[in-house]
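Chemist: Take this structure, written in C-alpha cells, and hold onto it; I'll ask about it next.
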Amino acid sequence: MAAATIVHDTSEAVELCPAYGLYLKPITKMTISVALPQLKQPGKSISNWEVMERLKGMVQNHQFSTLRISKSTMDFIRFEGEVENKSLVKSFLACLDGKTIKLSGFSDILKVRAAEFKIDFPTRHDWDSFFRDAKDMNETLPGERPDTIHLEGLPCKWFALKESGSEKPSEDVLVKVFEKFGEIRNVDIPMLDPYREEMTGRNFHTFSFGGHLNFEAYVQYREYMGFIQAMSALRGMKLMYKGEDGKAVACNIKVSFDSTKHLSDASIKKRQLERQKLQELEQQREEQKRREKEAEERQRAEERKQKELEELERERKREEKLRKREQKQRDRELRRNQKKLEKLQAEEQKQLQEKIKLEERKLLLAQRNLQSIRLIAELLSRAKAVKLREQEQKEEKLRLQQQEERRRLQEAELRRVEEEKERALGLQRKERELRERLLSILLSKKPDDSHTHDELGVAHADLLQPVLDILQTVSSGCVSATTLHPLGGQPPAGAPKESPAHPEADGAPKSVNGSVAEEAPCKEVQSSCRVVPEDGSPEKRCPGGVLSCIPDNNQQPKGIPACEQNVSRKDTRSEQDKCNREPSKGRGRATGDGLADRHKRERSRARRASSREDGRPRKERRPHKKHAYKDDSPRRRSTSPDHTRSRRSHSKDRHRRERSRERRGSASRKHSRHRRRSERSRSRSPSRHRSTWNR
C-alpha cells in the first residue's frame, strides 16, 4: 500500500474512533492525461518532470498534495494528483481539462485531459451477484454470506494498545474501532497466529526493513446492516490518524468483501483442527526432544559408571606406579617452570628491546632536533653575518664619504691658509716699508741744540707712540702664546705646569718663531722712553729703543709641522682685522679713549676665543687663573719739561683720567683678561702665532 502522507486540512474528516485518534477522510484524486506529439527528430525526448512542472504552474491559486506518474508511453503520460479537499477537485479540473501545454524545443502543443479518479470499490450489486451465483455458498450460514469485510494496508502502530508498549495490532482495538457500524460477531488478524504461515503456506503480512508496518484483518458483523453501513462508510475514504500534538497523517486502505469464507464455521474449525494438529506435532516434537534428552542422560550416566570403573582400575594401577608418576610430575613441574621462566625472560627481553628501540628513537629525534636547532642557528648566524657585513659596508661607505668630505675641507683650509700666508707676506712687506720709512725719518733728522732736541724727542715720541702700542700688543700676545703648549698636543716633558706670573723675571724663552727674546729689550726701551733723564736728549734715547723693539720679520719659524698650521677661520679673520685696524687707530688716537676702545676689542676677541674652545675641562684651565700677566700696554707717554705748557697740562689731565679708570677696573678686568688671553693662546695653533708675529 501507499505510504502515509501529511494532512494539513482536516475539515472534511469523519470520526471513526476518536478515542484512538482514527478518522475517515475522503479520497480527492484525479487523473490527468497529456497527449504527446510524434517525435520527428531522432534522439529528442520529452521530459516528464518538465510536463509535471507545467501542470503545477497551470494551477496558480492552489497546489497538489501529491502528483505522481501512474503510466508513461510514447503516446501519452498519465498522472495521478491528489488535493487537500473534495471541493478543490472541480476547480482543479476546470483549470486543467481541455487546456494545452507548449514545451520548449517542440513546435506542437500538448493537449491535457483531466477527470475525477474512479475508485476501485465493490458495489452492492457485486457482492449480491457473487453470493447468489456461487454454488458452494450458503447464505444462511455466517461467513458464507455478505457479512465479512476484508481490510488490507492497516498500520500496525495505529491499532496497538498504548499501555502495552508493543507495536503489534490488537483484536480488542480492532473491535472497538469497527463496532461503530454494528455488532461484531468475530474478528481475525492472521499475523497474530504463529501457525498461520505453516497452515496456509503464504505470508499474511507486509514486510519491510522497519518490521511489520501493515497488516490485514477480517471483521464479521452479526447483521447484514452492519456490513452495509461499514461498506458505505468506507467507500471512497482513506484512514487518517490524528495524534495528541494535532498533526494528522492519512494512508490509503483496501476494503473488499470476503469471498473466501474465511470466518465461516467450517473454516474456523478447519483452522482450529490444523492448529491442533500443529500443536500436537509440536508436542510430539517436544516429546521426542524430551525422550532424546532422557536417552542422552541415560547414556551419559552409563558412561559415567563405566568411567568410574575404569577410574578404579586406573587407581589401582596408579598406586602401583605412584612413585614414577610423582617423579614424572616433578619433572613436568620443573619443565613447566622452566618454560614459564623462559617465557618471562623472553617477554622481558622483548620489552627491553622495545625500550631500547624507543630510547634509540627518542635519541634519534633529539639528535634531529639538535641538528635542526644547529642548522637554524647557523642559518641565523649567517644571516646575521650578512647583515653585519652589509652594515659594515654601509658604515665603511659612510666613513669614506666623511673622509672625502674631511679631505675636501682640509684642502679648502689649506687653500685658505695659503691665502692667509700670502696676505701675511703682503702685510710683512707693508710693515717693512713702514719700518724703513720710520727709520729714514728718524735718521734724516740731525740734532742742532738741546732745546730743539727736546722738542724733536717729544714730537718723535708722540709720533711713534701708536706704533709702539701696536708692537707691544703683538709682543705681549706672542709671549703669552709661547708660555702655553701647542694646540691639541701635550706639553713638553721639561716644560713647567704653570706659566710664570712675570715673564720679565724669567730668562729669555724660546718661542715658536724665535722672537720672544726681544721682549726684555723692548720693555727697557719703553721704560727709558717714559722716564727721560736730564742729561740725555730724546733723540739719543728713543730712536735706538724704537728700532730695537721692532721685530725682525725675516725670521722664519723652524721645526713646526705643516699640519699644525690649520686654525679656525673666525680667529684668523679677527687677527686680520686687528692687524688692519690697530695701526690706523693707533696713529690717530693716543688718548685714553683710544686705549679703552682697544681694551674692549681685546675683551671681545677673548670672549669669541673662549666660546670656540673645544670643550676643554674646567680643571685644566683652573691653574692658569692664578698667574696673571702684567698689562704691557703703555699707560703713560714720555713728556719733556721743555714742552709747551698747554700740551703738558693736556697730557697730564688725560693720563690722570686714564689712571683713575684703570685703577677702578684693573682688579676684575686684569684677571679675566689674562685668563681669556691664556685660553685663546691655548686654542691657537703654532701657525697662528707665526702669522701674528709675521704681521
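Cβ from N, Cα, C; glycine included.
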Chemist: Check the candidates LYS99, LYS118, LYS135, LYS362 against Swiss-Prot and report the one noted as SUMO2 cross-link.
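Modeler: Record lookup, Swiss-Prot, feature SUMO2 cross-link, residue LYS118.
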Chemist: Which one of these stretches, 185-214, 425-454, shows up in Swiss-Prot as region 'PKA-RI-alpha subunit binding domain'?
Modeler: 425-454
Chemist: Looking at Swiss-Prot, which of SER633, SER685 is flagged as phosphoserine?
Modeler: SER633
Chemist: Could you tell me what the rest of the chain brings near the region 'PKA-RI and PKA-RII subunit binding domain' (83-112), counting residues at least six beyond its ends with Cβ under 8 Å?
Modeler: 7-9, 11-12, 26, 28, 30, 32-38, 44, 46, 50-51, 54-55, 58-59, 61-62, 64-65
Chemist: If you count Cβ atoms within 10 Å of the Cβ of LYS118 (SUMO2 cross-link), leaving out that atom itself, what do you get?
Modeler: 8
